[in-house]
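Undergrad: Got a structure for you, written out below as structure tokens; questions coming shortly.
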Amino acid sequence: MRLGSGTFATCCVAIEVLGIAVFLRGFFPAPVRSSARAEHGAEPPAPEPSAGASSNWTTLPPPLFSKVVIVLIDALRDDFVFGSKGVKFMPYTTYLVEKGASHSFVAEAKPPTVTMPRIKALMTGSLPGFVDVIRNLNSPALLEDSVIRQAKAAGKRIVFYGDETWVKLFPKHFVEYDGTTSFFVSDYTEVDNNVTRHLDKVLKRGDWDILILHYLGLDHIGHISGPNSPLIGQKLSEMDSVLMKIHTSLQSKERETPLPNLLVLCGDHGMSETGSHGASSTEEVNTPLILISSAFERKPGDIRHPKHVQQTDVAATLAIALGLPIPKDSVGSLLFPVVEGRPMREQLRFLHLNTVQLSKLLQENVPSYEKDPGFEQFKMSERLHGNWIRLYLEEKHSEVLFNLGSKVLRQYLDALKTLSLSLSAQVAQYDIYSMMVGTVVVLEVLTLLLLSVPQALRRKAELEVPLSSPGFSLLFYLVILVLSAVHVIVCTSAESSCYFCGLSWLAAGGVMVLASALLCVIVSVLTNVLVGGNTPRKNPMHPSSRWSELDLLILLGTAGHVLSLGASSFVEEEHQTWYFLVNTLCLALSQETYRNYFLGDDGEPPCGLCVEQGHDGATAAWQDGPGCDVLERDKGHGSPSTSEVLRGREKWMVLASPWLILACCRLLRSLNQTGVQWAHRPDLGHWLTSSDHKAELSVLAALSLLVVFVLVQRGCSPVSKAALALGLLGVYCYRAAIGSVRFPWRPDSKDISKGIIEARFVYVFVLGILFTGTKDLLKSQVIAADFKLKTVGLWEIYSGLVLLAALLFRPHNLPVLAFSLLIQTLMTKFIWKPLRHDAAEITVMHYWFGQAFFYFQGNSNNIATVDISAGFVGLDTYVEIPAVLLTAFGTYAGPVLWASHLVHFLSSETRSGSALSHACFCYALICSIPVFTYIVLVTSLRYHLFIWSVFSPKLLYEGMHLLITAAVCVFFTAMDQTRLTQS
């Protein structure tokens with residue numbers, strides 16, 4: 001069976017997406033879960049260690065507090081309370097910590113540090129995984145056991161005001177609630193006022209047991225202007241006033257209740273130096289946790305060095321405080337200072353309940369639980385506890401009793417710590433079988449792509465895929481039988497659950513058939529290669545073709561990037577690798593231009609994709625012999641040398657272009673500091689987004705939009721030009737409406753809205769331009785001779801994507817878009833055309849620049865840099881599919897725009913029937929190499945110290961990038977099929 005190179009590459013990438021999906025499902029482990037049902041009272045709590053018939057405490061201890069108020073301030077990092085900002089802007093909170101009856105901690109959140117997983121950790125005590133980052137966009141109902149579920153089952157009345165994520169996680173759990181949206185980050189005032197306005201009314205009432213307040217304003221300020229914004233201090237002062245009001249009210253009501261009240265101040269996650277969150281930096285994982293109650297002994301607190309605890313400890317502590325069962329999936333331990341004022345017997349009882357719950361969870365998730373040090377400590381603690389009870393029943397007051405009780409306490413606390421660590425470590429249990437299946441599929445695809453290079457890059461760009469030979473069929477059925485046998489053996493002997501084993505036989509069989517077919521094709525292609533004995537050449541069609549310095553740079557650069565993925569520091573700072581590669585590429589292009597225009601060509605030019613310019617377009621093809629045609633001024637003239645064609649100013653522009661591109665890249669590096677090592681350092685982006693420089697940002701945004709229009713409109717139809725101009729004007733109006741930039745005639749306007757109308761105004765023009773481009777492409781299939789119509793159609797699709805990117809980019813990132821278009825223009829006019837690069841080289845250059853611009857946007861391999869606000873531009877409610885697509889495009893706009901420009905360039909500047917196929921194949925290959933290498937690396941490094949903080953987020957990025965590549969290859973193939981239809 002014969003397939004075009006592009007179609008073949010697209011099929012390979014689609015299969016590779018399936019393989020990486022299976023690998024990701026196996027790599028990100030299932031969380032630790034209890035098999036017991038989460039119903040209140042489904043089973044009685046474990047009795048206290050028996051010391052005779054007189055000790056039979058089988059009921060839950062009574063609650064320690066009458067009412068509990070939880071004030072959760074989104075993105076409240078620890079130094080906002082315990083640092084200089086807290087002393088300055090939160091004086092009442094500081095007073096409570098230093099002199100009041102309170103216990104202060106730094107609660108460490110595990111990555112991913114985004115809101116929904118952190119709420120789950122606080123209320124269930126379990127450790128959410130990275131898959132919760134995706135679910136965070138649309139939080140579904142939480143089915144796990146939690147403090148909220150237990151409180152509702154116990155008949156407690158819960159009132160909630162704040163982030164609507166809680167309402168989605170706990171539907172029908174609140175007797176009263178008012179949810180606020182968290183996606184309009186430009187709103188940091190009204191979103192908190194909507195919470196505070198309920199306080200006076202609800203505090204006067206006494207018909208509730210738990211009050212939860214979730215304030216979003218601080219998080220929104222961080223997303224807008226970072227942690228050093230002057231707005232941070234104002235918001236902290238506002239929160240301090242709220243805390244004082246609540247605390248004063250609770251104190252005044254304690255005379256009416258037999259038990260004291262508890263006020264909890266905490267954050268869900270912190271805030272990075274760029275104002276975002278999601279990763280594992282100290283600023284993102286450390287949050288304050290302050291427990292305030294008159295039940296606590298008044299003693300000075302250390303505001304500078306509070307004790308560090310785990311965020312998962314909050315669930316167990318709240319459950320004990322409210323007299324509820326500890327959530328069954330909790331891996332946290334009781335914060336002992338909360339109960340240290342209680343009698344010794346109650347303290348031991350609380351600790352025993354916690355260790356019993358953790359030991360049960362350990363038994364259900366660890367086959368060899370009896371050998372676990374924590375379980376052994378637990379059993380020893382129980383025995384000592386029994387001895388203490390026996391002594392307690394004999395004599396209630398003695399020094400021996402106190403000393404033994406203190407020993408039991410220490411033993412329980414050690415057991416709690418060890419059990420919690422053991423259970424947390426279970427999160428790192430991997431589904432090796434699923435990982436191996438995914439790895440094998442990806443390896444087979446990469447091997448097939450590498451073996452197909454000689455055929456795929458020939459002039460016809462076609463491959464012979466042997467599927468019907470008798471040898472193929474015999475090998476295929478043999479491999480199917482072997483894989484089926486392995487699957488049965490693994491799935492019937494696996495001790496732990498396996499995702500791939502849980503699939504239906506139809507789905508698992510389909511994957512095995514696919515893997516078998518790929519292996520058979522690889523064997524057939526490898527046999528042909530070995531029999532043919534061909535050695536790799538740049539041009540498989542011509543034996544004398546040679547490798548240029550640029551080709552060697554591409555090979556060495558790709559290999560160097562792949563090798564760098566094995567080091568955590570290089571993964572964190574991957575942007576440096578791409579900056580180095582594009583800078584080196586510019587220097588290599590500069591050398592090539594100087595050699596061509598000053599030294600001249602010493603011999604015939606290298607063979608490859610050569611451009612011939614005519615007044616209706618240009619042609620290019622892989623040549624069968626030396627002497628490629630060069631750039632022509634007129635179709636009817638001869639083929640003068642490059643130095644004869646390009647003279648005067650145009651020649652100097654060719655020579656200067658690499659250096660201009662270098663200058664642009666240097667400016668863009670200063671715009672957004674990314675990575676880890678230098679992310680905290682000031683950059684132009686921070687300077688522009690500060691409230692003191694809104695005028696400068698407005699001017700820069702307007703100039704960038706003007707440059708975008710000038711560079712894009714040249715290839716558009718008149719209708720699309722008008723739509724583009726109005727759309728870019730709408731982009732500025734949208735940013736002005738939400739308060740990011742200013743209108744010249746309203747410099748001091750404080751009328752800030754969500755910009756819904758303005759954004760939808762732009763969407764209309766985006767869809768209109770894309771529709772016009774698609775219409776022209778379809779028309780070009782009917783009118784085969786109208787080559788210009790297809791060129792205009794492709795450019796209009798590209799223009800629509802540029803307009804969409806302009807809408808989604810933050811104002812300070814609009815220069816990134818403008819410089820991207822400028823560099824594409826310079827490369828097209830002064831480098832790719834005159835220097836006669838082939839399709840493979842042009843494709844790799846587009847890929848490299850696309851990757852560099854991914855990081856120029858401020859992205860990194862850190863989840864915290866994903867701008868989720870892009871997914872909600874123009875939306876007044878959450879709509880899942882548009883939100884996900886817009887967020888993905890906003891994040892990967894750089895690679896997508898460079899890939900779409902590549903399609904237009906190869907379709908319009910060349911008429912080679914193989915150019916698009918070659919480009920699609922090269923694009924798939926250069927993306928597949930790092931994907932396979934990285935999944936092998938993360939498999940071997942799965943127990944590395946930084947596997948969750950560094951390597952796992954990068955793995956998610958690689959998976960998403962592969963999905964984007966698959967979409968790009970589909971577009972390549974569609975355009976290539978258009979060419980085949982016309983021919």
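Note that Cβ sites are derived from N, Cα and C of the backbone, with glycine treated the same way.
Not my notes, these are from Swiss-Prot:
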CARBOHYD  ASN194  N-linked glycosylation site
TOPO_DOM  1-431  topological domain 'Lumenal'
TRANSMEM  432-452  transmembrane segment
TRANSMEM  471-491  transmembrane segment
TRANSMEM  506-526  transmembrane segment
TRANSMEM  552-572  transmembrane segment
TRANSMEM  699-719  transmembrane segment
TRANSMEM  721-741  transmembrane segment
TRANSMEM  752-772  transmembrane segment
TRANSMEM  789-809  transmembrane segment
TRANSMEM  812-832  transmembrane segment
TRANSMEM  879-899  transmembrane segment
TRANSMEM  919-939  transmembrane segment
TRANSMEM  955-975  transmembrane segment
Undergrad: Just jot down the residues in the same chain as ASN194 (N-linked glycosylation site), at least 6 apart in sequence, with C-beta under 8 A of its C-beta; none if empty.
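TA: Those within reach of ASN194 (N-linked glycosylation site), by Cβ under 8 Å and sequence separation of 6 or more, are TYR161, ASP178, THR180.
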Undergrad: Count the Cβ pairs between the transmembrane segment (699-719) and the transmembrane segment (789-809) that lie under 8 angstroms and are 6 or more residues apart in sequence, then report whether there are at least 3.
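TA: In contact, yes.
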Undergrad: Based on Cβ pairs under 8 Å, which of the stretches 552-572, 721-741, 752-772, 919-939 lies most in contact with the transmembrane segment (432-452)?
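TA: That would be 919-939.
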Undergrad: Going by DSSP, give the three-state secondary structure for ASN194 (N-linked glycosylation site).
TA: helix
Undergrad: List, by number or range, the same-chain residues at least 6 past the transmembrane segment (552-572) whose CB is under 8 A from its CB atoms?
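TA: Contacts of the transmembrane segment (552-572) (Cβ under 8 Å, skipping residues fewer than 6 from its ends): 578, 581, 584-585, 588, 675-677, 841, 844, 848, 860-862, 926, 929-930, 933-934, 937, 941, 944, 946, 950-951, 954.
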Undergrad: Please give the sequence-distant neighbours of the transmembrane segment (789-809): residues at least 6 beyond its ends with Cβ less than 8 Å from one of its Cβ atoms.
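TA: Sequence-remote neighbours of the transmembrane segment (789-809) are 617, 705, 708, 712-713, 715-717, 720, 724, 727-728, 730-731, 734, 759, 762-763, 765-767, 769-770, 772-777, 779-780, 783, 816-817, 821, 857, 870, 873-874, 886, 889-890, 893, 896-897, 900-901, 903-904, 907-908, 975, 978.
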Undergrad: Against which stretches of its own chain does the transmembrane segment (955-975) lie, if we need a Cβ under 8 Å and a gap of at least six residues from its ends?
TA: 4, 6-7, 9-10, 13-14, 16-17, 20-21, 24, 27, 130, 133, 794, 861, 863, 888, 891-892, 895-896, 899-900, 903, 907, 916-917, 919-920, 923-924, 927-928, 930-931, 934-935, 938
Undergrad: Would you report the average pLDDT that the model assigns to the topological domain 'Lumenal' (1-431)?
TA: 85
